[in-house]
Structure formats: C-alpha cells, structure tokens
Amino acid sequence: MDSRVSELFGGCCRPGGGPAVGGTLKARGAGSSSGCGGPKGKKKNGRNRGGKANNPPYLPPEAEDGNIEYKLKLVNPSQYRFEHLVTQMKWRLQEGRGEAVYQIGVEDNGLLVGLAEEEMRASLKTLHRMAEKVGADITVLREREVDYDSDMPRKITEVLVRKVPDNQQFLDLRVAVLGNVDSGKSTLLGVLTQGELDNGRGRARLNLFRHLHEIQSGRTSSISFEILGFNSKGEVVNYSDSRTAEEICESSSKMITFIDLAGHHKYLHTTIFGLTSYCPDCALLLVSANTGIAGTTREHLGLALALKVPFFIVVSKIDLCAKTTVERTVRQLERVLKQPGCHKVPMLVTSEDDAVTAAQQFAQSPNVTPIFTLSSVSGESLDLLKVFLNILPPLTNSKEQEELMQQLTEFQVDEIYTVPEVGTVVGGTLSSGICREGDQLVVGPTDDGCFLELRVCSIQRNRSACRVLRAGQAATLALGDFDRALLRKGMVMVSPEMNPTICSVFEAEIVLLFHATTFRRGFQVTVHVGNVRQTAVVEKIHAKDKLRTGEKAVVRFRFLKHPEYLKVGAKLLFREGVTKGIGHVTDVQAITAGEAQANMGF
C-alpha cells in the first residue's frame, strides 16, 4: 500500500509526488468506443452512406477467461453447434460464479457489427433455448443501434444470464456500508430492504436498529445485517412483498447482504472489525450531499483503500440541497479520488445505461469508482443503484473460489449467541474449505492456548437452513450444548487435521500512516488482523530505533492478553488514538499450549 494513503486518514503525512489520475470517466454504453476500453486515438474511416460518416466502435477483444461472451449471431444453429454453445454457456457461468453477460452482434475482436431485427430476434430465441438447457434465466440489459457501413438499422444486445449453482441456494454478495455519522446509511438500507421511502425524519431506519439507545439517538453503534434479494428476472425482492427473511431467500436468485457499520468516531473500532472480519466483497461509501466529505468520511475511505476493499460512492440527501451543492460535493469527491495515494477513476452514474456500464467496469477494474446521487425521501435515482447491485458480479473468480474450497476447513468466529432450545450459536465467515452438518472441528485458541473439540449441529445462512457451507460464505453454526463461556470473538474453528499453530509474538511489515511524535519500542496499539482484535506492544523495530509518519519498517509485536491464531501474509491494521498504521504479517513465532500458559502466567 502506498504510504500516501495516509492523507485519507486525516494524518499529516508528507505528501508524495506523482500525477493525479485523469478526468472523470464518463459512463457510456456498449455503442461507444471511448467508454468500453477500446483503443484510444485509433479510428478507422467508415464509408459515407446517406450522409453518415461513422467510425466502428469497439469493445476490448473477447477474453478466454471471465464471464463475458461475444456472439455475432446465433441463427438456426445445427444440433452439434447448439450443444457446443450450451457447453460454452456453462463455462461462462462457472467463470462468473452463476452470472454471465452475452454481447449479441459483436465479433470476437470486439467490433460492434450489429444485427438486423429478424436476426436479433432469432439469436435471442436461440440464447433463450441455451439458457433453458442449463437451467438459467436471461434478462436483456440494454440494446444499442449501430449504423456503421449500413443503410439498414442494426442493433447489438447485451444480455445477462443468471443461474444459481447447483450447490448453492442463491448467489451471494456482501457489501459493507461506510460513511460519516448522520450521512443516511441506515436510512438508505431501510428504504432498499423495506421497500418504502423515508419520511425525512428517519422512519425507514427504525427496523434496523438493535439497541434502545440507537433508536433514541438515531445513530448505529453495532454491526447489523440487512438483505436485499433479486429474482431471476432482476426484480427486487424485499420485505415489501415478503414477510420473513426465509421468504426473501426462497424467492431470490441473488442476495445482497449489507453490513451496516457505525459512522461515529467513538465506534471506529467496531467499523474496523466489520471490515476486517466479515470479508465484504465491496463497500458502499455514503456521503451526505449537504455536508460533503466531513467527519469520518475520509478515514473510512482510507480504511477501504488500506484493506484493498473495492468501493463505490453514494451521495445521499440530494432532496435537501440545490443542484449546485450536489455538484460541488461530487467535484470534491472526484478530487479526493484522483489524488496521490488513491488513484481512482470516478464514474458518475446518471442513467440506467450508466449503471450497467458502471457495474461491469467496477468488476473488471479496481480503479473505477462509480458515484451515485440519490434521495431516500423522494426516491430519485434509487432505481439506478438497484440496477447496479443486480448486475454487479462476484468480484472473486471461480478459480480462486475452487482453490479455497480445496483447503482444510477454517471458520472465523465473529459473533457468539445463546438461542433457546438450540444452544450455543456462533456467527462468522468460512475462510477456506467446506463445512457440513455433523462435522467434527476444533475451536481455539483459548486463553491458555488450547483447542477444544466440538461438533457442528446445524448451519443457517440468512436465517435459512443450509447443509453445506463453502469457502467465502458467511453463516451461523449451532454447536449444541458447547459451553459459551469457552468461546470469544477472534477464535477460529478448524479441521483437526490442520494442526493449528498459535502465537503471542509476530512480526509485520508496516507503514506508519500517522503518529504525532515518534513510534518507538514499548508503544501499545490495538491490532486488527482478520477477526482478531487485541492490544499488542511493540517489542522491536528492525534496523531502526524509531519511526515517523510515512516511514516503513518490520516491527515485532507481542499480544498482551492471550495467544492468537495468525497466518503469514494476513493484512494488518493497528491504531491507538490518532496513531494509525497498516501492513501485513511476515512471521509468526509458533508456541505450544504449555508455552502459552507459561507466558500468560497460568
């Protein structure tokens, strides 16, 4: 991570050099060469017919991998050809983990040729047959007319193909919701998930709060989860037409799980825990149009950058401001996104066509940052955000998912509950492997460094029963009569074959983002590594006596309370007051349970 990311934390790091990223990316449809990643500055001369002189627009050449397929036309294929097309569709769906995009009327090299109306109708009919064959559904995203070198109107059509994998109940995407206090995070989620607009006084957010003081103050202090479903046709499924979460899950082919995080600075540790432990696919950064970048906005942006979580931005409360105020806030965001240490390309979304393009480019390039402007009271532009979320594909590919599933089981314990007639229940994310009902696992480390045997009695995802949990999925696991007092946040449940190692001392390569004076041996910080959150003391700074803001070094930390389960390469974030730093674990000094007991005074 570039040390200049510290500027986004509100620190006083010396600014680095380097040019800012270019202008705001204008979201354009498939019919525009500049908006689709085609060659810039290279144009072929088109023929002049009927007074038209059009240049051939291009998409990037078709890639063998990925979930995007180009087809010039699909008119009356032979049976052999049809079977080949079906096999090809299965491959694209597998690459997109259940979603694929077909561009009809496009050559393999990306040239937008287009089809006449009859050919397009026949091609879509064939595509529908292919989808039926594999058990998928298709939705036409958009159509574009291209008239290059032709007197007859010709169109290209972009089609979304969606199929829930056989081993899953629905496609799942986790979105962390960030933003300053009072920016409207919980209100927006209430509007999306309840299906009713806000009254301007926070009515929509009431169902999301978990504590009385949250209802009284209107401010989130804990992590809550809300779900928004989409059926196979891309239609919203929420509590407006479903009474329970189970009904939403049953009716949805794609599920968006929103992780609502706290905006107030006093709850920053909770927000960091939500980002590091719940492994969101991406983040939604909410910015109030009337206040702009204020409070913790810049710090939350810096957290997303430091943890390499892709994010998009929603400018809320546009009903309270003049148009010029909204434009000023957008320009302010664009300047921050382009500055050194961020290097993002803003993409302002103002139409449904823009939303489709933004979803695709956001998935393909980590530098693209879509910006939406909307109101939770009037509902203006709310549909554009829904279109974006419906089309947004999983940001990890099938190969990465398959590799994780081949590893031994590892489940992060993030939440612990006691449920009547069920017993002890833990919530968290499966980092690797596969977990099934009845599996025998070990959980730890305990305060004395031990791992204890347990059995997974049942599994639930989004409040619906589930027999098998796969890597990357979040769920709750019932552990029966296992003693809750033996569990704590930060533990892991792993396969006994893993022979897990624990440590009290570890080393990490860090960048000190901000510190008021000098960072020295003996300084205490709160360390966040995945679902681990514990105070640690700096034992040694290699090759240096002290660190200043913006400097990098390898540092040895020691946990103060109890040993933890860490892995080399894990991302690390530490803070104490205004002191902040990021890095990754480079070495762990493994110890036995006996050594842990001796170190901790047992």
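From the backbone N, Cα and C atoms, a Cβ is placed for every residue, glycine too.
Going by Swiss-Prot, these are the annotated features:
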REGION    16-64  region 'Disordered'
COMPBIAS  40-50  compositional bias 'Basic residues'
DOMAIN    170-398  domain 'tr-type G'
BINDING   179-186, 260-264, 316-319  GTP binding site
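DSSP assigns ASP182 (GTP binding site) to coil, not to a helix or a strand.
When the binding-site residues LYS185, HIS264 are compared by the number of other CB atoms within 10 angstroms of each CB, HIS264 has the fewest. For the binding-site residues LEU261, ILE318, the largest tally of other C-beta atoms within 10 A is found at LEU261.
GLY179 (GTP binding site) counts 27 other C-beta atoms within 10 Å of its own C-beta, drawing on all protein chains shown.
The Cβ neighbour count for ASP182 (GTP binding site), using a 10 Å radius and every protein chain shown, is 17.
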